[in-house]
Amino acid sequence: MSDLASNPKANVKDSRMEADEAELARMGYKQELKRELGLMQVSFSIISVITGIPSLFLYGLNTGGPVVMVWGWLVVSCFTMLVGLAMAGWFNLLGQVAVTTGISFACANFISTACTLGTSFVPTPKTTIGIYAAVLFSQGLTNTFGVSLLHQLNNISVWWHALGTFSLVVAILAKAPTHRSGSFVFRQFIDNTGVDGSGWGDRASHVYVVVVGILMAQYTLTGFDASAHMTEETTNAAMSGSIGIIMAIGVSAVLGWFLILGLLFSIQDLEGTLSSHTEQPVTQIFLDTVGEKGAIVLMVIVIGAMYFCGTFSITSNSRMMYAFARDGGIPGSKFFAQVSPQWKSPIRTVWLACTLSFILGLPSLGSSVAFAAATSIATIGLYISYETFPAIPIALRVIYRSNFVRGPFHLRSFSFPVAIGAVIWIGFISIAFILPQVNPVDSQTFNYSIVAVGIVVVYSVGFWVISARKWFTGPVKQIEAEGMGIDVMDPANADAYEKMPATSTVSTYSKKVEEKA
């Protein structure tokens, strides 16, 4: 009996992996990362409603309240789906680092809060930073040991998020002594954006409050681009990456709305929730509905989800940094473009991601709005990258549609309206999330995301003008160059690499892999 007949599933998987390797070779790269992730792992590697919603629930209540949280979620979900459908730099690097900061710092905050339940522990900015460092270290250590471990953890994470969200909402709704009215949940507008009681609704307009209030929804629904970052470790990557993006957004949109409604209907005392001694309104909702022991259980669910989310955020972040380094696109590329031969993991960029995320969390020691700034940086950084980079090929695809070769996943006649809607939405939120969120604006309430974005602009442009333009020639043809004895990671070899003859090394390698498949 042939191998195909004896084990058809394994044969199909091997064929898909060989086809993926051939496609990678066609682009000039050799397979160095281990392909063990499937559609489920790609879809839910980062995007986490139990992370984004609880960590910014207080922000949502104060900036527009229930009506913005409920309906803003639906609007943002729809437009985010357009971006996901339409999308295939440095801004992305900024956004990914800030996303990890937002996720893991929220995890540290919730651990601090959980430690106060039933104890005399009083968290301080210093203790929270210490917990944050420990969280990042453990997440970095998990990522060090390769994709096989991550594969197993991601299976656990998927079920943890799905069952955790359902169990959490059912528990608080079932045990809540009273429930808020539908009018409160679907129509109540709250403007607590003013330090002295006078919010942006008074100073500017309620529309302004709505605009900055959708940050909670948009922040939660970021991270779907992880599917693209991890395609080199995904089987059947051409379809899995694309479908993973759509599944991540769609499932998270449904689960997230379910969670928001459950939390809002379960609020007992609005003022007590907003001014909770725990400093976490979600924790106060747990205490008011299921009691202290039940609240500890629910906090474990939330913290676990945040921890998984942060772990896979580092995974995605490190893969993107590795891809940049492999093309010589970041300082120290030769050092960072290394894959552990034992673990098949880019360990150096894993710890680079952890280090940068920790540094970005340090301003929380001195600014009360540092976390909100980090989430703004994450959102605007990611979406500027989506606008700057995917918008160009999307526009070219529309203009030169007759020359465009479609991949296995495509939108047919919907490509044009989806692309237009996506670019408009990205442009809108790129402006919205650099706006001040608290009135009046001072050193403590200033939205520092615009500063971070400006630093990246100055650095990346300066890096290009001073150095990179002299040696960076675009994505490397790794297989062809190494076949000629040229180290593609050494800038000193830029001239030799640029003058390489048009040999058939890449196509020959790709053809051999395809024939093997």
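Every residue gets a Cβ built from N, Cα and C, even glycine.
Copied over from TrEMBL:
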- 37-59: transmembrane segment (TRANSMEM)
- 71-91: transmembrane segment (TRANSMEM)
- 103-123: transmembrane segment (TRANSMEM)
- 129-151: transmembrane segment (TRANSMEM)
- 158-176: transmembrane segment (TRANSMEM)
- 205-224: transmembrane segment (TRANSMEM)
- 245-267: transmembrane segment (TRANSMEM)
- 295-314: transmembrane segment (TRANSMEM)
- 350-374: transmembrane segment (TRANSMEM)
- 380-399: transmembrane segment (TRANSMEM)
- 411-434: transmembrane segment (TRANSMEM)
- 446-466: transmembrane segment (TRANSMEM)
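By number of Cβ pairs under 8 Å, the transmembrane segment (158-176) is matched best by 295-314 from the list 103-123, 295-314, 446-466. Tertiary neighbourhood of the transmembrane segment (129-151): same-chain residues 33-34, 36-37, 41, 100, 104-105, 107-108, 111-112, 233, 307, 310-312, 314-315, 318, 340, 342-345, 347, 350-351, 353-354, 357-358, 361-362, 364-365, selected by CB-CB distance under 8 Å and a gap of 6+ residues from either end.
Using a Cβ-Cβ cut-off under 8 Å and counting only residues 6 or more beyond its ends in the same chain, the transmembrane segment (205-224) has close neighbours at 45-49, 51-53, 56-57, 59-60, 63-64, 68-69, 72-73, 75-77, 80, 84, 95, 99, 102, 189, 191, 193, 199, 244-245, 248-249, 252-253, 256, 309, 313, 316, 372, 375-376, 378-379, 382-383, 429, 432-433, 435, 437.
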